[in-house]
Amino acid sequence: MVSSETMRQRGRRKGGGNEGSDGMRKLLLGLGFLVQGFRCFPWMAVNFFLKDGLKVDPSTLQILQSSANLPMVAKPFYGILSDSFSIFGQHRVPYIAFGAFLQAVSWIAIFLSPSNISFFTITLYLLLGNLGASVVEVANDAMVAELGKPPSSSSKNRQNSSSGQLQSFVWIASSVGGVLGNLAGGIAIDRFSPQVMFLMFGILLSIQFLVTIFIHENSLDLPKSPSNRGIIKQLSELLVALQKPEIYYSIIWFAASYAMIPALTGTMFYYQTQHLGIESSVLGISKVFGQAAMLLWGVIYNKNLKSMSPRKLISAIQATMAVFMFSDFLFVKGVYRMFGIPDSLYVVLFSGLLEVLYFFKILPFTVVMAQLCPPGCEGSVMAFLMSALALALIISGWIGVALSSFFQVTGNDFSGLPHALLIQAVCTLLPVYWSSCIPDGIKPKTKAKEG
């Protein structure tokens with residue numbers, strides 16, 4: 001009798017309360033990914049603060065850009081904590097609130113610091129901020145993986161319509177945050193000091209924290225997880241999941257496809273601002289153009305490309321990245337200038353697009369991984385994937401610094417930059433030859449073996 005009453009209540013909740021829970025999910029995840037995308041706003045200020053305020057060289061700037069991602073490498077640990085331990089009966093929301101709080105503290109602390117803050121101190125604050133950001137991202141990604149998993153029942157119509165929909169929604173929210181962050185950053189960098197921009201972002205994070213603490217997980221209608229399963233049990237489940245060939249081969253390819261590309265973002269930033277004299281507002285517009293392309297990509301993927309083979313789609317993105325990087329080589333060699341194309345126009349149209357094209361393959365890849373994730377360790381597996389990506393980006397940044405040093409590229413001498421860009425384009429094309437590691441399609445059948 002108790003169980004039938006419980007079932008009736010659940011049915012009522014699913015019928016009437018579904019719209020409410022859907023709205024709360026979209027509020028929490030939409031705000032979370034919007035703020036996550038908006039992080040480019042203070043980071044634009046960081047770049048100019050380090051270049052103009054602390055007078056660091058391109059290699060030091062790029063080392064900081066890469067090394068600040070170190071807290072992201074520990075994402076599997078945060079994922080295991082989130083999967084294993086509930087706080088006041090909640091597995092995700094308290095971690096989002098805690099991460100937002102850490103970020104707010106770090107950026108407001110930089111604002112309150114003296115203008116002659118040491119490079120070491122600002123590095124510590126940025127590491128603390130990225131620690132908070134990584135905790136938030138893990139909890140958000142775990143929720144998206146849980147809610148984006150197709151139903152195990154045989155209702156294939158619902159499965160096809162819902163698969164990838166939530167991933168596309170949060171991708172669009174993140175892209176909107178990126179558009180707003182870059183647009184506001186390009187305008188604010190000419191009107192305010194970097195410290196004021198740090199304060200603005202700290203206030204936004206404080207708002208996210210306050211909104212989050214007033215949301216209870218019960219209102220989100222998340223799949224039920226066994227509470228406090230313990231780290232050892234959760235770790236063993238993660239290891240079992242990672243032993244599935246379709247998961248570990250995919251993650252290895254995904255991480256390697258980033259790690260083997262030498263990142264030259266810091267060097268290109270100096271080339272565009274120091275050598276070409278591109279104004280900060282133009283860089284802001286360039287990044288807005290790129291984020292708008294990200295936003296459009298989320299919409300196009302959700303409407304037209306979800307059914308396409310992930311392997312073909314991701315390989316096509318990788319090859320397109322190589323073409324754009326070769327275009328950067330032509331740009332630095334002055335080929336476009338010879339055809340009458342202004343440097344600022346190229347930076348707006350191509351540089352911003354290349355910067356985001358680098359991350360286009362994340363959306364189809366996370367959709368595949370969400371389908372392959374075993375129930376109960378979504379947070380751990382998705383966190384491991386993002387950790388592998390963070391480590392790959394760090395390695396990519398360090399290799400980029402080594403490549404720039406090899407060709408003796410400095411803040412005043414960019415003669416070796418074309419050679420570095422040519423090598424970067426070749427390295428970008430190589431992962432296409434091992435794309436067979438990516439699953440050729442989502443296999444929902446593995447989740448419905450019973451019937």
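All residue numbers here begin at 1 and follow the chain in the order shown.
Note: Cβ is positioned from N, Cα and C throughout, glycine not excepted.
TrEMBL labels come from automatic prediction, so no person has curated them.
According to TrEMBL, the feature region 'Disordered' maps to 1-20.
Using a Cβ-Cβ cut-off under 8 Å and counting only residues 6 or more beyond its ends in the same chain, the transmembrane segment (27-50) has close neighbours at 56, 60-61, 64, 93, 96, 100, 107, 119, 122, 126, 133, 136-137, 140, 143-144, 166, 169-171, 173-182, 184-186, 188-189, 194-195, 197-198, 200-201, 204-205, 208, 211-212, 215, 220, 269, 280, 283-284, 287, 291. Summarising the annotation, TrEMBL assigns transmembrane segment to 27-50 (among others).
Among the features that TrEMBL reports, transmembrane segment is placed at 93-112 (among others).
Marked as transmembrane segment by TrEMBL: 119-139 (among others).
Taken from TrEMBL, the feature transmembrane segment applies to 169-189 (among others).
What TrEMBL lists as transmembrane segment is 196-215 (among others). Listed by sequence, the residues of this chain that lie at least six past the ends of the transmembrane segment (196-215) yet keep a Cβ under 8 A from its Cβ atoms are 24, 27-28, 31-32, 35, 38-39, 41-42, 44-45, 93, 96-97, 100-101, 103-104, 107-108, 110-111, 185, 188-189.
As annotated by TrEMBL, transmembrane segment applies to 247-270 (among others).
Taking Cβ pairs closer than 8 Å, the transmembrane segment (282-301) reaches residues 37, 40, 44, 164, 168, 171-172, 174-176, 178-179, 181-183, 185-187, 189, 272-273, 344, 347-349, 351-357, 359-360, 363-364 in its own chain, all 6 or more past its ends. Per TrEMBL, the feature transmembrane segment maps to 282-301 (among others).
What TrEMBL lists as transmembrane segment is 313-332 (among others).
Look at TrEMBL and you will find 344-363 (among others) tagged as transmembrane segment.
The feature transmembrane segment is assigned by TrEMBL to 383-407 (among others). Panel annotation: around the transmembrane segment (383-407), residues 58-59, 62-63, 65-67, 69-70, 72-80, 82, 134, 137-138, 141-142, 238, 242, 251, 254-267, 362, 366, 369, 416-417, 419-420, 423-424 of the same chain, lying at least six beyond its termini, place a Cβ under 8 Å from a Cβ of the stretch.
Here the transmembrane segment (93-112) has Cβ contacts under 8 Å with residues 28, 32, 35, 42, 78, 81-82, 87, 122, 125-126, 128-129, 131-140, 195-196, 198-199, 201-202, 205-206, 208-209, 212-213, 215-217, 220 of the same chain, all six or more residues outside its ends.
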